[in-house]
Amino acid sequence: MSPKTETKAGTGFKAGVKDYKLTYYTPDYVVKDTDILAAFRMTPQPGVPPEECGAAVAAESSTGTWTTVWTDGLTSLDRYKGRCYDLEPVAGEENQYIAYVAYPIDLFEEGSVTNLFTSIVGNVFGFKALRALRLEDLRIPVAYVKTFQGPPHGIQVERDKLNKYGRPLLGCTIKPKLGLSAKNYGRACYECLRGGLDFTKDDENVNSQPFMRWRDRFLFVAEAIFKSQSETGEIKGHYLNATAATCEEMLKRAAYAKELGVPIIMHDYLTGGFTANTSLAAYCRDNGLLLHIHRAMHAVIDRQKNHGIHFRVLAKALRLSGGDHLHSGTVVGKLEGEREVTLGFVDLMRDDYIEKDRSRGVYFTQDWCSMGGVMPVASGGIHVWHMPALTEIFGDDSCLQFGGGTLGHPWGNAPGAVANRVALEACVQARNEGRDLAREGNDVIRAACKWSPELAAACEVWKEIKFEFETIDTL
């Protein structure tokens with residue numbers, strides 16, 4: 001049996017909490033290549049030793065409970081237990097630590113983000129001995145990565161399907177997000193697509209409401225896609241939101257989209273759930289549909305610095321579960337996102353191999369072992385004046401999505417789309433000529449205004465619009 005431990009009362013927690021550190025705090029442990037590694041930002045209750053808290057996190061997220069039980073003797077805890085193998089004080093924070101925990105791979109079902117999260121971010125987050133707990137990062141070993149399908153297609157296959165290379169893709173979320181009839185909604189999509197955008201998008205809360213049922217929306221949007229394609233000679237798409245009350249209904253909507261011949265559908269992966277998302281990603285891979293992922297609800301989970309789950313973990317989970325696009329913030333728009341932190345998890349979404357880099361919040365080296373990449377989507381409060389910064393920050397393998405920044409154009413949707421496309425092409429050309437967009441971006445946009453009245457009108461409307469607030473979640 002595992003060694004019995006003394007139950008004692010201590011400051012900050014009630015009698016009956018045992019000393020986890022005797023079994024689960026192992027600073028001499030040598031990490032295995034197959035271990036799943038977690039970095040937790042941990043704030044103990046006053047009087048609780050950090051070693052005890054780190055061990056408690058390891059125990060309660062793996063094999064442990066609050067007392068020794070006789071059935072411990074029926075298995076090998078040394079083989080299956082999580083281990084807190086390192087503690088690191090957080091600079092500038094009193095009584096806060098990064099606890100590093102190693103989990104044996106055998107604790108987790110193959111190919112299941114749901115099972116992975118149920119253990120690692122489960123009941124332990126309500127543990128009384130902890131004032132706060134946040135999962136900052138996960139290292140997914142190659143042996144576990146290979147049990148997942150990952151993105152249905154990935155960045156390169158998407159570009160091949162769309163026949164679009166050498167620039168970011170352009171999108172637009174249709175507004176108002178709720179209340180339009182299906183026919184008017186389809187017309188708004190058509191105007192944006194014929195104006196030069198690659199995609200339009202359902203808002204995350206557009207499902208199948210009384211004012212616009214899903215089947216009607218799918219039909220009118222498909223008409224908009226095909227009409228704009230025939231006029232422009234470019235492949236177009238619209239993120240048809242297949243999120244539904246049940247998995248069965250979700251897959252029915254996906255099947256109807258395939259029947260219509262549209263190239264891409266959409267899912268709200270956090271509100272819809274990882275099980276549903278993985279099922280939908282498998283359907284998309286089998287049926288040639290691209291899958292756009294919205295992160296609605298993420299800020300409830302990731303925005304607080306001391307408690308919850310950092311978005312880089314949610315992004316890794318999405319890459320495992322499956323998605324071709326994922327919203328990732330803008331750095332410069334209306335939504336939360338520090339530059340270096342954002343670039344850190346954008347690389348984790350797109351690249352094959354990412355080195356540990358604490359300056360960008362990357363706690364572990366991550367090898368995706370040739371799993372397809374996820375295209376980051378920059379969306380939220382952006383307009384034409386942001387185009388140079390967005391092009392410079394996100395690079396070519398990204399989708400820049402302007403909702404109000406397209407539909408708010410004084411001349412209408414199509415001129416708004418023209419303005420965005422002209423601004424993007426001007427920025428890409430300037431970058432390819434070797435110009436510094438960070439320094440010369442505004443000059444590039446002003447020069448393009450001289451031969452694009454649509455862009456000039458957009459620049460005039462949004463010349464004073466800025467979202468300059470301090471980021472809450474900093475390194």
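Just so you know, glycine gets a Cβ as well, placed from its N, Cα and C.
Because the structure is a prediction, the values reported are computed rather than measured.
Per Swiss-Prot, the feature active site, proton acceptor maps to Lys175, His294. Residues or ranges marked as Mg(2+) binding site in Swiss-Prot: Lys201, Asp203, Glu204. Residues or ranges marked as N-acetylproline in Swiss-Prot: Pro3. Residues or ranges marked as N6,N6,N6-trimethyllysine by Swiss-Prot on the basis of sequence analysis: Lys14. According to Swiss-Prot, the N6-carboxylysine annotation covers Lys201. Per Swiss-Prot, the feature site 'Transition state stabilizer' maps to Lys334.
Where Swiss-Prot records a feature, it is marked here on the structure.
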residue : record                       : DSSP class
Lys175  : active site, proton acceptor : coil
Lys201  : Mg(2+) binding site          : strand
His294  : active site, proton acceptor : strand
Notebook entry, point to check: Rounded to an integer, what is the Cα-Cα distance in Å between His294 (active site, proton acceptor) and Asp203 (Mg(2+) binding site)?
Noted result: 9
Note to self: These are the active-site residues: Lys175, His294. Which one scores highest on other Cβ atoms within 10 Å?
What the structure shows: His294
Checklist line | 8 Å Cβ shell about Lys201, Asp203, Glu204 centroid, Mg(2+) site members excluded | finding: Thr173, Ile174, Lys177, Asp202, Asn205, Val206, Tyr239, Asn241, Met266, His294
Checklist line | Residue among the binding-site residues Asp203, Glu204 whose Cβ has the most other Cβ atoms within 10 Å | finding: Glu204
Next item on the list: Compile a sequence-ordered list of residues in the same chain as Lys201 (Mg(2+) binding site), six or more apart from it, whose Cβ lies below 8 A from its Cβ; state 'none' when nothing qualifies.
Entry: Gly171, Cys172, Thr173, Ile174, His238, Tyr239, Met266, His292, Gln401, Gly403
